[in-house]
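Trainee: Before we start, here is the structure in question, set down as structure tokens.
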């Protein structure tokens, strides 16, 4: 099997002889695609203290606080390391909203560039096909569904997979590690990036490098989980709640084959209806046309692509759900992929190659049947297929620009910034929020992660439970017990280390179950009130300060940064060497002439 990227999949011709998209044209294309699909993040580049990225799992305020949750020092398994720690570290210099938006746009640009290079150098595809492959990186159901779920860093990671694939296949080790580190803002993204790099790496040595660097990049959350003993198992019932499901009228299988199938109906784009499902199915069938060629040249990629579709579908069957229930309840770390739709993103690099192969075949046929036409007519014939497939790509989510609007920065209550300033002046203690739960509703009714977890210093308590389709999933028993005691009027706040209680009165008003809580809070001073939200001080809490040591989190972040800096140095050295080699060749050519 020949896995060198200079050999075209469809034709065997060298990518070096294939026309390339001019740099200015590619830049304009990237700007057009991202302005159409990721415009909320272009808007997010503009700093604004009263706005935040806040939608479902996404909570990125102007300034992120380095509290125990953000640094991985809480008693729960870390879910957003090193993402939140990085945003918090840079908050005093770069607003978190600006940095997050920039990272998403950079990832999209790198992914589009990677797809264009894959299509040209690995499949011998011409310009129009290269651009269709670049469009597909961003304009697909997977990316927008993850954005609407608020998992911006996972969408970022999947958009980077084509660039990671290309760097792995061509031996650009420094850029490859940098791209994997960017994909690794969260654990799931790192795993996806590492898997793709392993499959596309041509030698055992390069695969060993991927494993070693990925372990180093995983250290922020891996060390915390292993050394702090934080629980990494989950409720067995979560397996069914997070299994892939239908996002259109044609069922789960068709949804997944079209790169959709997210478990949360609220994160499905409104325009993803029958047309989107049919377009996704047609795109999959067209891509499958080239699977034999992909198997012949890049066998590992073909296997990975097939597994990305089949594994989530199999795990959604009764037998698969039983297996997942066992794994998430008994195997540490298995809950990382209880959301099996995450795995579907692994298909993106393979699909790009398959689309390039199919389009190149059609182009060659069009050229061969148009020999009697003028050059302009021949070019027109060759461009029909890319135009048709590009239309299919857009039709998978026809209303993408409008559907992505909920991810735009939203107004955030000034109460959170005011409370953060008040709380920062006292020792680090636990903070309890009522009504309980880690989600709130935005002004427009969309759910969002509570700002308390990202903006308040100390130890904001996360009850860790999720409500999926009306069912409670997971939950931290100690925090839930404390919440129940407090709502029942049993005052264990100070004894439990709670120094602050926040009561969101507009959400509690008229609900009788908070009557005993109100009576309990009357005994404590209310030190701040903004927009109906009240902050109560609990004097002399016991055991203030985190029980978890900070050493694993600090050591993990240091190792993460060292790996990144090493990759940056290697990348700059490679670029310098390539520039010097190019200068030497140019000089030699000038002398010989």
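Quick reminder: no glycine exception, Cβ is built from N, Cα and C everywhere.
Sharing the features that TrEMBL gives for it:
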TRANSMEM  21-42  transmembrane segment
TRANSMEM  93-116  transmembrane segment
TRANSMEM  150-170  transmembrane segment
TRANSMEM  177-200  transmembrane segment
TRANSMEM  206-227  transmembrane segment
TRANSMEM  274-295  transmembrane segment
TRANSMEM  302-323  transmembrane segment
TRANSMEM  343-359  transmembrane segment
TRANSMEM  380-400  transmembrane segment
TRANSMEM  553-575  transmembrane segment
Trainee: Taking residues 6+ outside the transmembrane segment (21-42), which of them lie with a CB under 8 Å of any CB in it?
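Mentor: Contacts of the transmembrane segment (21-42) (Cβ under 8 Å, skipping residues fewer than 6 from its ends): 53, 100-101, 104-105, 108-109, 112-113, 116, 127, 130-131, 134-135, 138-139, 143-144, 400-401, 404-405, 407-409.
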Trainee: Which listed range (93-116, 206-227, 274-295, 380-400) shows the maximal number of Cβ pairs under 8 Å with respect to the transmembrane segment (343-359)?
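Mentor: If we count Cβ pairs closer than 8 Å to the transmembrane segment (343-359), 274-295 scores highest.
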Trainee: Please indicate, using numbers and ranges, the residues of the same chain that are 6 or more beyond the transmembrane segment (274-295) and have a C-beta under 8 Å from a C-beta there.
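Mentor: For the transmembrane segment (274-295), the far contacts come to 9-10, 141, 247-250, 254-255, 257-260, 301-302, 305, 350-351, 353-355, 357-358, 361, 389, 392-393, 395-398.
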Trainee: Give the one range among 150-170, 177-200, 206-227 whose Cβ atoms make the most pairs under 8 Å with those of the transmembrane segment (302-323).
Mentor: 177-200
Trainee: In the same chain, who gets a Cβ under 8 Å from the transmembrane segment (150-170) while lying at least 6 residues past its ends?
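Mentor: Sequence-distant neighbours of the transmembrane segment (150-170): 3, 5, 53, 55-60, 80, 83, 100, 103-104, 107-108, 110-115, 117-118, 121-122, 133, 137-138, 142-144, 176, 179-180, 182-186, 188-190, 192-193, 196-202, 206, 210, 301, 342, 345-346, 348-349, 352, 407, 448-449.
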Trainee: Restricting to the same chain and to residues at least six past its boundaries, which positions have a Cβ under 8 Å from a Cβ of the transmembrane segment (553-575)?
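Mentor: Long-range Cβ neighbours of the transmembrane segment (553-575): 71-73, 81-82, 85, 172-178, 181, 213, 216-217, 219-224.
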